[in-house]
Each structure stands twice: as C-alpha cells, then as structure tokens.
Amino acid sequence: MNWFQEKLYEHHKQMLSMDSVLYHWRTEFQDVLIFENATFGKVLVLDGILQLTERDNHIYHEMIAHVPLMAHGSARDVLIIGGGDGGTLKEVLKHPVERATLVEIDGEVIDLSRRFLPDVSSGAFDDPRANVLVMDGTRYIAETEDRFDVIIIDSTDPMGPGEPLFTADFYKACRRRLRPGGMIVVQSGAPFFQPGELEMVCQRLSGSFPGVRPYLAPVPTYAGGMLALVAAAESRDALRPPIDALRERFGVLQGRTRYYSPEVHRAAFALAPSYEPFSLREDPVATRFLKTGS
C-alpha cells in the first residue's frame, strides 16, 4: 500500500493511505495530488499539504462562509479569493446573495476539482449568480472597482501561491473594496502548530479593521484537529451577534448545514487561554512574515 505523508511541520507528520491515485501533476503554480482514502474518501493535496477531504470538508467550508454571512445578515455581493475547489462558493450560494465572485489563480485546480471532486462544489460553478475569474487575487483587488459586503480569503498557507494574500497591504486593499458594514474572513492555519500564523493575521488585519476576532473550527484531517480563522469588521461585536438574531437569520439555512448552527457560531469565538495572546514561538514561517512582510 502506498502512503501520503504530509510534512508541513519539521517534527510532526501525518499519513493517509493512498488506496488509488486519481491524479498527480504539476500545474503552472503548484503540485496537485488527488487520491482515494478508505476513511476520508477523495483527498486534495497542493504542494504536499492536505487541503480537503470529501468526508470533513463541509466543516471548513461552512465555517468560513456562514460565519461572516450570518454575522452580516444582508450580504448581496460576496468575494471569494482562492477556493478553487468550489466548496466555499457552494456554501455562499445557499444564501440569497445576488452575486458571488470567485477569484482563483490556478484554473487547473477549478477544472480538476470539478472533474474529480464534484460533490465538493455540487454544481456551484454553474449557478448564474457565480462569477468565476482565473487570475491573481491581489491583482484583482488592486484593479476592481466593485464593492462587496463580505470578502472570504480561502487560501493556502502563507507560502507558494498563497503568500501574497497574507500581507498588511493586501488587507488594506480589501478594506477599500468593502461596503460600510462589510466583513472579511481569513483562513489562518492550525493554531496548535502554527500559532504565529494566527497572530500574524490578527496583527495585520488590525491595521485596517477596528474589530478583529479569531474563531475555531474542528477539522479532523488538519494537523492538530483544529483550524483557525480570523474575522474582521468595523466592530468585534458585529462578528458575534446575539443568539436570537442568529436564530432568526438561520431560517435561510435550516436543514442545509451539517455543522454550522447559531449556537456553533457563537461558541466558535470562545477561545482557550492558550490562544490569547498568541505565541510566535516555533512558527518560523509566520515569524519571517512579521519581520519582512508588508
């Protein structure tokens, strides 16, 4: 039996059996591996780092999409940067939005996801409200005149194609493209192994947004079993509305989520003391970014 071994961290590795390899090739931007695993189903790996599996991707996608959209309450235009697998797009389109723009730098990831992982997007790419663009997300933000209610940064970690999406200048540019009351959410790594990435995102978002608030989602196949996300808006309270408000807004999603709920929304922002304040120790990637990134 062949095994996939994720080597994201120097002293920790995780392995999944590759019962069959469906695709392995290098695109213009990154190495793409898609394989079958008996426990998790189809698995997507980019540059040797596990991105999603069929079995647990819904947790990540629901939490990165529904938390900001439910907190906002009346989003019409949503921008997703990254997310070429289409999972976040699928969740966004469960809301009565008028337009969901997805900007992915690697068009082959979109094509391969549609071919090998169709259940992740479930036809979202064909929704008439979806506007899919293959281009650099930083260039799109710099050039577009459009304004959005919610921006979702569904990127890889701050290395390779995802690296430019973690700078303070990029977050400032995103703030300029938000309407009043707008919100942004950024994927921020596995907090147990990457505490510095979480602090880095919080610090840099704080330069553009008065209200910055990290939250957590349990994703079994990510190292440590927990994923961090950071939401930012004009105030911290706007990101965690009262439970009654969330329950009222939840009607649009009733019966259409497997993990997200109003109760989960509020609970996700309750952090363990070890995550506040965040430590930069043992996270050389984020430490380098804080010292050199803009």
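Quick reminder: no glycine exception, Cβ is built from N, Cα and C everywhere.
Now, the feature entries from TrEMBL:
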- Asp154: active site, proton acceptor (ACT_SITE)
- Gln30, Glu104, Asp136, Gly137, Pro161: S-methyl-5'-thioadenosine binding site (BINDING)
- His61, Asp85, Asp154, Ser155, Thr156, Asp157: spermidine binding site (BINDING)
- 1-234: domain 'PABS' (DOMAIN)
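Location within the structure of each feature annotated in TrEMBL.
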| residue | record | DSSP (3 states) |
| --- | --- | --- |
| Gln30 | S-methyl-5'-thioadenosine binding site | coil |
| His61 | spermidine binding site | helix |
| Asp85 | spermidine binding site | coil |
| Glu104 | S-methyl-5'-thioadenosine binding site | strand |
| Asp136 | S-methyl-5'-thioadenosine binding site | coil |
| Asp154 | active site, proton acceptor | strand |
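In terms of Cα distance, the recorded positions that sit within 10 Å of His61 (spermidine binding site) are Asp154, chosen from Gln30, Glu104, Asp136, Gly137, Asp154. Cα separation, Gln30 (S-methyl-5'-thioadenosine binding site) to Thr156 (spermidine binding site), rounded: 11 Å.
Averaged across the domain 'PABS' (1-234), pLDDT in this predicted model comes to 95. A distance of 11 Å separates the Cα atom of Glu104 (S-methyl-5'-thioadenosine binding site) from that of Thr156 (spermidine binding site). Ser155 (spermidine binding site) sits 10 Å from Gly137 (S-methyl-5'-thioadenosine binding site), taking the CA atoms of both as reference points.
In sequence order, Ile64, Ile80, Ile81, Gly82, Gly83, Thr88, Gln187 make up the list of same-chain residues 6 or more apart from Asp154 (active site, proton acceptor) whose Cβ falls under 8 Å from its Cβ.
The Cβ neighbour count for Gln30 (S-methyl-5'-thioadenosine binding site), using a 10 Å radius over every protein chain in view, is 19.
Among the binding-site residues Glu104, Asp136, Asp157, the residue whose Cβ has the fewest other Cβ atoms within 10 Å is Asp136. Between the CA atoms of Gly137 (S-methyl-5'-thioadenosine binding site) and Thr156 (spermidine binding site) there is a gap of 13 Å, rounded to the nearest whole number. Across the binding-site residues listed here (Gly137, Pro161), the residue whose Cβ sits among the most other Cβ atoms within 10 Å is Gly137. Each of the binding-site residues Ser155, Thr156 was scored by the number of other CB atoms within 10 Å of its CB, and the largest score is that of Ser155.
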